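Below: the structure, in structure tokens.
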Amino acid sequence: MAGLMFASHPIHTEAVAGIVGRADVGASLFFLLSLLCYIKHCSTRGYSARTWGWFLGTGLCAGCSMLWKEQGVTVLAVSAVYDVFVFHRLKMKQILPTIYKGKNLSLFLSICLLTFWGTSLLGARLYWMGNKPPSFSNSDNPAADSDSFLARTLTFFYLPSKNLWLLLCPDTLSFDWSMDAVPLVKTICDWRNLHTVAFYIGLLLLAYYSLKSPTTERECDGKFVTNGKQNANGHSCHSDAEYRNSEIKSSFASKVENGIKNNVSQRTQLPSTENIVVLSLSLLIIPFVPATNLFFYVGFVIAERVLYIPSMGFCLLITVGARALYVKVQKRFLKSLIFYATATLIVFYGLKTAIRNGDWQNEEMLYRSGIKVNPAKAWGNLGNVLKSQSKVSEAESAYRNALYYRSNMADMLYNLGLLLQENSRFAEALHYYKLAIGSRPTLASAYLNTGIILMNQGKTEEARRTFLKCSEIPDENLKDPHAHKSSVTSCLYNLGKLYHEQGHYEDALSVYKEAIQKMPRQFAPQSLYNMMGEAYMRLSKLPEAEHWYMESLKSKTDHIPAHLTYGKLLALTGRKSEAEKFFLKAIELDPTKGNCYMHYGQFLLEEARLIEAAEMAKKAAELDSTEFDVVFNAAHMLRQASLNEAAEKYYDLAARLRPNYPAALMNLGAILHLNGRLQKAEANYLRALQLKPDDVITQSNLRKLWNIMEKQGLKTSKT
């Protein structure tokens, strides 16, 4: 019945259905194997050489269980409880006299070895952790972060009773119990303290009655006996003391056949109810101790998967209680009632498990199921899922719901800002990024995206300060160190690009070098290396530039920008055929990218292959008709190829893409001038001068235009 209850219990859903639960299931497997090995060790101890082989199996399985999850090491303590209270049937008052008189040295040796091995495993684990516990955010375990000693104490005492209630009545389950899912117990007057008191009183009573001295009346296979004699019809049963004496005698009884000694004495009795209660309590309590915050703080308030091993003790405890009642009552009706009530409980557990498995079918259903318990976390995670499904408005609503319940969640503020940024709502995105930084000043990704938006808005000084501040964040007490380092590296990369665009190539190189020093192993460095090459090329340090272009291509062999920039360098150093191969390779890698055709066209133009250059220019402008740089350069190449009509078309498109850009208007005016559309040319020159009044070239072109217009008798704005 205990096995059926364990198999059907809903609290196991997370451990079985969730990937993270593999650790708990694996730890449980080796936990039970270790316990079984120790039971074999106990049964063979004293008359078999294999006994220490079983003990070795106990230690190895305990180590494997701990490698799955730290609580696995507690099997050694459970094994000690089994040895003392179940196998040897000692009571609390008998332990010290047994040790003092040296009556059972094999028991004492086994317990010492268990203690030594457990201490060694824990010492090794602490060493691997750097001799300090892991750090968690205050939202993961609010009680641990509370300034009030009373609140911490009352909450930590209350949480075991809450966990027991989840085992008894798993009606409300959640994938996450952090944040405010379980409010802190802040005062003595909180009614939940009654649960705490009832829990510990019940626990102490159970422990007391199962560990107290033997009574004159005890149970044996469903029959009660007094002083070793049966009090009802049936077979006889010995008292504890008589049983131990008979067992010691029979353990040495053997028969010899062909020179081989074979054991003929085996235990014939089931453990008493008290023994099973002790074992159940040890299985329930000891594996749960690491999650109690008693020795160190843990990164959760309640975690259902942590109850996977303790639930074994719970299921056994409920079953032994039902069995004791079944044996004690006399009426057949009451016996049937107890049996069917226990069976009904198992059925209800199974139905709840089936329903709960439905919540774990996919992420969206799981997060929706947790809204009732932890709305802030559930809405936030649901927002991420909806965003991945391109349900933008629903995702935004979910993020805002999460922030309604907990307004200072930095991750949620950042995620909402990112969603707004991706939908070109830059002002709102900036607002939420700044709130995220205010909530968590070490959130490097928020600095990165803030700087990018500011840079694109032309606020270069503010962007520079943001990138610099990001690069100065200390690498300590971070929630995700790898993601932080990647964001810092990206900040430095963008800061270098900012300096590069301003013509400060030495400053750009300095920042790029710092980025290379700080970048984590998982960071993709090809763009950074390529920009290093660009900066060296601008400084006419061509060997260094070539080195970094090659590094970029080594890092990512199909990196298109590196093919284009390295092709330009090869053309500059006279290796024309090699350069053309790199340009053609870039086009081959992505035939839909207009920028590749534009660079190849410029190369062809420099080689005086005007017709081919013009074809590349048209192709580039057609593919990237919304990219100003591509369209503007294509128009320029067409003009140089003397294809003025086509050049006019693309200069006009460039001017429409950037209507307030003086160079675009001036060049459009020039091509209109050449094509004889004088009045339109004048209008564009005048507009360019309004935006940039001191532009000498535009002023000169306009004077020439006016002279032509006056000769032709056309009216000018000058007159």
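Backbone N, Cα and C atoms are what each Cβ position is placed from, and that goes for glycine too.
Copied from TrEMBL, the annotated features are:
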TRANSMEM  15-39  transmembrane segment
TRANSMEM  104-128  transmembrane segment
DOMAIN    131-203  domain 'DUF1736'
TRANSMEM  194-211  transmembrane segment
TRANSMEM  276-300  transmembrane segment
TRANSMEM  306-326  transmembrane segment
TRANSMEM  333-351  transmembrane segment
REPEAT    376-409  repeat 'TPR'
REPEAT    410-443  repeat 'TPR'
REPEAT    444-477  repeat 'TPR'
REPEAT    489-522  repeat 'TPR'
REPEAT    560-593  repeat 'TPR'
REPEAT    662-695  repeat 'TPR'
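Beyond the ends of the repeat 'TPR' (376-409), by six or more residues, the same chain brings 139, 174-176, 178-181, 363-364, 367-370, 415-416, 419-420, 423, 439 to within a C-beta distance below 8 angstroms of the stretch. Ranked by Cβ pairs under 8 Å to the repeat 'TPR' (489-522), the stretches 444-477, 560-593, 662-695 are led by 444-477. Secondary structure of the repeat 'TPR' (560-593) per DSSP (helix as H, G, I; strand as E, B; remaining residues coil): 27 helix, 0 strand, 7 coil.
When the stretches 15-39, 194-211, 276-300, 333-351 are ranked by Cβ pairs under 8 Å to the transmembrane segment (306-326), first place goes to 276-300. Summarised as a single figure, the pLDDT of the domain 'DUF1736' (131-203) averages 89. Residues of the same chain lying 6 or more positions beyond the ends of the repeat 'TPR' (560-593) and with a Cβ under 8 Å from any Cβ of it are 526-527, 529-530, 533-534, 537, 542, 545-546, 549-550, 552-553, 599-600, 603, 606-607, 623-624. Sorting each residue of the domain 'DUF1736' (131-203) by its DSSP state yields 36 helix, 0 strand, 37 coil.
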